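Right, one structure below, let's go through it.
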Amino acid sequence: MESLSLPVLNPLLASGSNLFRNQHSRMTSSMVSSLKSPIGGTSLSTVRRFGVGVVRMQAVDEDIDLKQMRDIAAAKKRWDGLLREGKVKLLTPREAGYAISLSNKPLLDVRPSSERNKAWIKGSTWVPIFDNDDNLDAGTLSKKVTSFAMGGWWSGAPTLSFNRLFLSKVEEKFPKDSELIVACQKGLRSLAACELLYNAGYENLFWVQGGLESAQDEDLVTEGVQPLKLAGIGGFSEFLGWTDQQRAQAAKEGWGYRLVYTARLFGVVLAADALFVGAQQLGHYIQELRGH
């Protein structure tokens, strides 16, 4: 378990965090440039000390980004090694479906609850390696606000935290000589789970390449309120139907499916227009009140 190094809980949050740091660096550098000449009672030595402090903050941010990149690269290298050396066997979604239906191999679903609750494989066992972080402490709230501001409102990607009970929960359900098919939505978290399980003594592991999202309708027997391909989307992009998964679904479903999202788009445009007109009218009303 200690060999797994996953500093980033989800890719969107990582990209949002980097964007935030870049904006922070630009803002602080502009502050330094504006303080090059002393203003009021501020001494030149104070400005220089402040500038040095900002430079150090930027250096720390860059070091964090570099460490994250190195850790991710190292993790991918380890995961590739597991597959290359045959320690974890690779299955396509169709092969996984055959193994489940013909050989009764268990499927371990390691997706977070936000994805699992939408669609799942019939008869699968659910133990998330990362799950939605519902804590209300200051650190978690800060992460959620940052994630939302940096694109979470559009993609609907939740804030996730590592499930420290993952291994113990799996060990409760499956002996270590079990043949386990491990799957997630896109394939990355399930590889991380395979590494944890292999290091814990599970040696008959099968990884679903591309995740459940890459499965065709006939590959696996599913249950839930949505198609399996749509379980990983969310946010405003899902509401408008502007995701690759929904476009692929629309190509199969036809115009009736597209009409729903077209109507939603028109509704959003009309609502935005009404808000704009209402704001203008309110502004005129306030000006008239001030004139009297």
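In case you wondered, yes, glycine gets a Cβ from its N, Cα and C as well.
In Swiss-Prot this protein carries:
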TRANSIT   1-56  transit peptide
DOMAIN    101-224  domain 'Rhodanese'
ACT_SITE  Cys184  active site, cysteine persulfide intermediate
DSSP three-state assignment for Cys184 (active site, cysteine persulfide intermediate): coil
Per-residue pLDDT averaged over the domain 'Rhodanese' (101-224), given as an integer: 88
For the domain 'Rhodanese' (101-224), residues assigned helix / strand / coil by DSSP: 48 helix, 25 strand, 51 coil
Under 8 Å by Cβ from the residue listed as 'active site, cysteine persulfide intermediate', same chain, sequence gap 6 or more: Asp109, Val110, Arg111, Ile129, Ser190, Ala193, Gly211, Leu212
